[in-house]
Amino acid sequence: MLWQAYVDDHLMCDIEGHEGHRLTAAAIVGHDGSVWAQSATFPQFKPEEMNGVMTDFNEPGHLAPTGLHLGGTKYMVIQGEAGAVIRGKKGSGGITIKKTGQALVFGIYEEPVTPGQCNMVVERLGDYLLEQGL
């Protein structure tokens with residue numbers, strides 16, 4: 001399977017109805033922290049940062065006191081869906097992470113992309129992967 005095509009064509013694409021608006025960075029990462037595919041702009045993350053994300057999916061609320069860290073950037077964790085979606089905010093941008101059976105789908109955005117648009121793009125691909133048993 002060509003995971004890079006999913007990142008390029010389904011995550012880093014123009015937002016529907018908003019030509020030129022797209023995520024800042026995106027990736028698909030295995031539960032073990034291995035990168036399956038990523039945009040050129042996706043931050044280099046530390047293993048402990050990915051461990052924190054996985055722990056929060058298994059123990060919702062784990063990241064709330066400390067924030068979500070990715071590539072040295074700290075995001076304030078905002079409402080998500082326990083065990084399924086983590087959302088974070090930093091200034092005028094943020095992050096959405098959708099958990100599938102085998103992977104995590106990451107989307108990072110800055111204005112003019114809205115949190116809702118990022119959620120839609122990331123969760124749509126995540127839901128598709130779940131339907132495919134991935």
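Every residue gets a Cβ built from N, Cα and C, even glycine.
Taken from Swiss-Prot, the feature disulfide bond applies to Cys13-Cys118, supported by a curator's inference. All protein chains considered, the CB of Cys118 (disulfide bond) has 25 other CB atoms within 10 Å. DSSP classifies Cys118 (disulfide bond) as helix under the three-state reduction.
The annotation motif 'Involved in PIP2 interaction' is assigned in Swiss-Prot to 84-100. Remote same-chain residues near the motif 'Involved in PIP2 interaction' (84-100) are listed as 24, 53, 56-57, 63, 67-68, 70, 73-78, 106-111, 113, 115, 118-119, 122-123, 125-127, 129-130, 134 (criterion: CB distance under 8 Å, separation of at least six residues from the stretch ends).
Around the Cβ of Thr114 (phosphothreonine), a 10 Å sphere holds 14 further Cβ atoms from the protein chains shown. If you look up Swiss-Prot, you'll see Thr114 marked as phosphothreonine.
The number of other CB atoms found within 10 A of the CB of Cys13 (disulfide bond), across every protein chain shown, is 13.
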